[in-house]
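First up is the structure itself, then whatever we jot down about it.
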Amino acid sequence: MLLLDKINELKKIVAESSSIVFFGGAGVSTESNIPDFRSENGLYKTKNNFSYPPEVMLSHTFFKNHTEDFFEFYREKMIFKDAKPNAAHYSLAKIEEQGKLKAIVTQNIDGLHQLAGSKNVYELHGSIHRNYCMDCGKSFDLEYVIKSETTIPKCDKCGGIVKPDVVLYEEGLDDSIIQNSVKAISEADTLIVGGTSLVVYPAAGLIRYFKGNKLILINKSATAYDNEADLVISDSIGKVLETVI
């Protein structure tokens with residue numbers, strides 16, 4: 001099937017759907033100049049000036065034992081303060097506005113879906129925009145972490161370490177986020193999966209809960225679920241979704 005035919009098929013599916021859920025990964029934000037993890041230009045493949053590989057530095061153990069190094073890496077490689085939503089984010093917000101898109105389940109931590117206007121967003125891996133004191137629980141915004149005078153941001157109330165509300169390796173996902181995501185996916189008539197290679201578990205396993213009619217995959221590279229999908233589009237997610245609205 002030609003790309004144009006696939007896009008027309010996608011338009012038809014969206015038009016006939018009343019309960020769509022979008023499940024997205026890092027590829028959704030690469031068009032906002034936020035690197036993904038596993039592609040050739042991704043965080044895990046590109047050179048950096050740190051002594052440890054990124055997947056080690058993004059672990060709970062590393063955060064606990066090398067807190068200063070963690071924050072140096074986190075500020076430099078995980079925060080993209082000036083990133084703006086792209087065509088994919090805005091298109092999804094529009095489909096939600098039309099009443100068709102019921103939820104976005106995202107593996108991203110950048111908050112760009114909300115910035116584009118999406119309301120019902122489940123952030124599996126947390127958000128850079130939420131930070132909290134590990135001792136007293138006080139909440140802080142991203143600006144507080146960025147502008148901290150010390151490498152390790154400290155609570156202005158009790159002096160405890162302010163930790164980003166992002167899920168590190170070795171940490172579990174939030175139960176309520178998982179439950180809401182499972183509920184949304186299991187009740188959807190159409191599931192659009194975009195910008196993810198579906199290799200990160202337990203997040204990727206959520207697709208198993210889909211019982212609806214149409215599974216659509218939009219990703220530049222192949223995924224393990226391609227054979228199970230009703231429609232596979234190997235192209236830019238922003239370009240594809242923009243044609244639907």
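Residue numbering: from 1, along the chain as shown.
Heads up, the Cβ atoms here are built off N, Cα and C, so glycines get one too.
The model shown is predicted, which means the values in this text are computed figures rather than measured ones.
Over in Swiss-Prot, the protein carries these features:
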- 1-245: domain 'Deacetylase sirtuin-type' (DOMAIN)
- A26, T30, F37, R38, Q107, I109, D110, H125, T196, S197, N219, I237: NAD(+) binding site (BINDING)
- F37, I109, D110: nicotinamide binding site (BINDING)
- H125: active site, proton acceptor (ACT_SITE)
- C133, C136, C155, C158: Zn(2+) binding site (BINDING)
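Most Cβ neighbours within 10 Å among the binding-site residues C155, C158: this distinction goes to C155. Each residue contributes its Cα atom, and for T196 (NAD(+) binding site) and C133 (Zn(2+) binding site) those atoms are 31 Å apart. According to DSSP, C133 (Zn(2+) binding site) sits within a strand segment.
In the predicted model, residues of the domain 'Deacetylase sirtuin-type' (1-245) average a pLDDT of 94.
Neighbour counts of Cβ atoms within 10 Å were compared for the binding-site residues I109, C133, C136, and the top value is held by I109. The CA atom of C155 (Zn(2+) binding site) is located 22 Å away from the CA atom of I109 (nicotinamide binding site). A C-beta separation below 8 Å, combined with a sequence spacing of at least six in one chain, links N219 (NAD(+) binding site) to G27, V193, G194, G195, T196, S197, S234, I237.
Ranking the binding-site residues Q107, T196 by how many other Cβ atoms lie within 10 angstroms of each Cβ puts Q107 at the bottom.
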